[in-house]
Amino acid sequence: MTKHIAILRGDGIGPEIVAETVRVLDKLIAQGLDAGYEYAPLGGEAYDEYGHPYPEFTQNLCRKADAVLLGAVGSPQYDNLDRPLRPERGLLAIRKDLNLFANLRPAVLYPELANASTLKPEIVAGLDILIVRELTGDIYFGEPRGIRVLENGEREGYNTMKYSESEIRRIAHVAFQSAQKRSKKVCSVGKANVLETTELWREIFEEIGKEYPDVELSHMYVDNAAMQLVRAPKQFDVIATGNIFGDILSDEASMLTGSIGMLPSASLDENGKGLYEPSHGSAPDIAGQNKANPLATILSLAMLLRYSLNDEARAQQVENAVQKVLQQGLRTSDIYEEGTKLVSCSEMGDAVLAAL
């Protein structure tokens, strides 16, 4: 049965990196992948066209699709819009709308990029971490929230951090099942010494862990985890954490690899439907200059093939093509070093197509 993919170009470098990824998808379809795709706007592009960052047209297409591929959202030109209309709100809305509760962000260091990391090669060589982040709860979505005026006339900002047992249980299962396919270690990260939310998180993880006796469970406070990611990152296999801590730690982990431009991500619902996007932002400073690194988006397509289309063979085919291009010494500016060949976004796309 033909699988349907919704493609959202987004803002900034989004259209450029998506264009290269769609060329890869077209080649896979030509080689026999039974899939089709359709475009829809999200973020600033959607606001310009429909007056909303996640319009009804996009909602309908994404709800019907088997998977969604996204470039990036956000641009400084929208910073003065009311908060609900800003591009980033489109991303929060699609996650909530499709009930994408599990965010998987791998941080893998390719041997060819060992020198691109800011850490010593011996500390990061062979790095392979998966951060499993809960995506629809926590302080980003908790109510009540807002800015209010106190009796003394002073303004106060307030947010609510909370997690229910069921929200914690389902992300725990994702973390343990992911670890079973890897090195069988889960590190649950929170701040249980001061936050009741993560005290409950730890308790539930202990309970669910008993269902996975083959997986080793440990716990770490988030401040220590942030330090350990820099001190000795290879101790980690799967890191499982809440929304706000996961947001921060996954960005930190990405820099261990030398470039956030190399890192894909998947956000999944309970049935394997997902939103796939690079971990980096929309990089408006280089938009339209053909400088962006499309590899994270191409690797996001590989995750889409793996998790939503259940096509492990083609997922590996794409990942192998990316590694081959790196072995050939081709680099976009974000991962360039002396002795390698500097290429543009489209030239990197050409190289991946050739490697396929």
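Here, residue 1 is simply the first one shown, and the rest follow in order.
Placement of Cβ uses the backbone N, Cα and C atoms for every residue, glycine included.
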Exercise. Looking at Swiss-Prot, which one out of Arg86, Arg105, Arg145 binds substrate in the same site as Arg95, Arg133, Asp223?
Worked result: Arg105
Problem set entry | Greatest inter-residue Cα distance in Å for the substrate-binding set Arg95, Arg105, Arg133, Asp223 | 27
Exercise. When DSSP states are folded down to helix, strand and coil, where does Asn293 (NAD(+) binding site) land?
Worked result: coil
Exercise. Helix, strand or coil at Tyr140 (site 'Important for catalysis'), per DSSP?
Worked result: helix
Exercise. Going by C-alpha positions, which of the recorded positions (Tyr140, Asp285, Asn293) is nearest Arg133 (substrate binding site)?
Worked result: Tyr140
Problem set entry | By Cα-Cα distance, the member of recorded positions Arg95, Arg105, Lys191, Asp223, Asp247 nearest Asp285 (NAD(+) binding site) | Asp247
Problem set entry | Number of Cβ atoms other than its own within 10 Å, given for Asp251 (Mg(2+) binding site) | 17
